[in-house]
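Notes for the one structure printed next.
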Amino acid sequence: MQIQSVLCVCTGNICRSPLAEGLIQRDAPTMKVASAGIGAVVGGKMPVPAAAIAEREGLALDAHRGQQVTRPMLQSFELVLVMEAAQKDWLCTQFPESRGRIFLASHWTGGEDIIDPYRLSDDIFESAYAEIDKGVAQWLARLQPAGTGKHGTG
């Protein structure tokens, strides 16, 4: 699968989707990547637990601010990764032309929803991040040519 661009989507675009975006930026630096929310906290910063994870993991997200997903945004990406089945359903209803490009971030790791850690404990943030990391790693292993990036083989 040759994909050059990925949009990561969650609810508020301040916790899960920016972490997924940061992982892809770090591990596949030549890939076009962005994130957005279906009910975005527009202009919002990442909560402290998410920002701490990003800093610890070397994800360049200091300047991240929440943004709302739009039709032009969706149309400019080849693959859209969502964190929950309900987000996929919403996007497919609102933007049916993008239906074939929208998948769960956890598609290759069991297809379960990744819990929204917003306003929950640091442990929940860590658990959500671990699931995002696993999902992104599996996507990148399938998207990148052999021998490229952190998750390539060869």
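For all residues, glycine too, the Cβ spot is worked out from N, Cα and C.
Those TrEMBL annotations? Automatic predictions, nothing curated.
What TrEMBL annotates here:
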| type | residues | note |
| --- | --- | --- |
| ACT_SITE | C10 | active site, nucleophile |
| ACT_SITE | R16 | active site |
| ACT_SITE | D116 | active site, proton donor |
| DOMAIN | 4-142 | domain 'Phosphotyrosine protein phosphatase I' |
R16 (active site) and the residue listed as 'active site, proton donor', distance between Cα atoms, whole Å: 7
Close in space, distant in sequence - R16 (active site), Cβ under 8 Å, 6 or more apart: C8, C10, M83, I114, D116, P117, A128, I132
Within the predicted model, mean pLDDT of the domain 'Phosphotyrosine protein phosphatase I' (4-142): 97
For the domain 'Phosphotyrosine protein phosphatase I' (4-142), the number of residues DSSP places in helix, strand and coil: 66 helix, 20 strand, 53 coil
All-chain count of other Cβ atoms within 10 Å of the residue listed as 'active site, nucleophile': 31
